[in-house]
């Protein structure tokens, strides 16, 4: 396809992590196992919340949304990466690349927004517990979740449209594991300063704004916890937030490091490892964190396992 004497590519080639066959096979097995654990873990979390009426609270409503985002984010990247690890030709069509960028970028933005919403939920639970059910009513929860999904999707749609309007000329080799926005922008054969500014602005709005809201929420939460007289009360209040705080530290840290200053971004290898962190590790760890560090979830697991073992015993007899 010729436009203004410039050749526009129909397909990109993802260079991935390694060109060594044995390494690729090892990575295929590793990432496949991790992906299956991710899907199973998040599916079980959603199922547990649906089955246990004690978990029908705002916190677990948002956790359900977070689990769905994690599975979707992993699915937008890992299956294609697994195919490319074993395929000789590692091409991805132009349209598929654009779709992958849209979904991965959008779901990432949704996750950051959801974490800010969950921080507000924890703020109300710790700082204003007597009015928690009044403030965090079903209507507000639905609006907050919808706002998270819409804001992330709109931001991603704008970025995807702007990025794929750039002329890539004959540059079709993406030195990355997926169609990541910074990797694609680098292929353009025109000045991309405006794109980098747009990435910077949107990062501030959709990354730093939720991060600041999380920070403010936890400043208030910590201040309230320190005023609690009993040690047991402080421990209970801290455990209410421990799981969410762990996930926040994991998710926001590398994103800020990667996107806030695209001109001074990490090396290509570091970018690949960061993408793997978000696509493979974080979605797998989140359900584990909420299962291990949350007493209510652990109690629900134990109750479900007892019910299952009792049903198995009846069937055996």
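Even glycines carry a Cβ here, placed using N, Cα and C.
Residues or ranges marked as domain 'G-protein coupled receptors family 1 profile' in TrEMBL: 41-290.
Marked as transmembrane segment by TrEMBL: 25-48 (among others).
Long-range Cβ contacts of the transmembrane segment (60-78) within its own chain (Cβ-Cβ under 8 Å, at least 6 residues beyond either end) map to 31, 35, 38-39, 42-43, 45-46, 49-50, 100, 103-104, 107-108, 110-111, 114-115, 117-118, 121, 141, 144-145, 148-149, 177-178, 247, 275, 278-280, 282-284, 286-287, 290. Taken from TrEMBL, the feature transmembrane segment applies to 60-78 (among others).
For the transmembrane segment (98-120), same-chain residues at least 6 beyond its ends with a Cβ under 8 Å from one of its own Cβ atoms are 59, 62-63, 65-66, 69-70, 72-73, 76-77, 80, 92, 144-145, 147-149, 151-153, 155-157, 159-160, 163-164, 178-181, 184, 206-207, 209-211, 213-214, 217-218, 244, 247-248, 251-252, 255, 278-279. Annotation source TrEMBL lists transmembrane segment at 98-120 (among others).
According to TrEMBL, the transmembrane segment annotation covers 197-219 (among others).
Marked as transmembrane segment by TrEMBL: 240-261 (among others).
Under the heading transmembrane segment, TrEMBL lists 273-292 (among others).
Regional average pLDDT for the domain 'G-protein coupled receptors family 1 profile' (41-290) in the model is 86.
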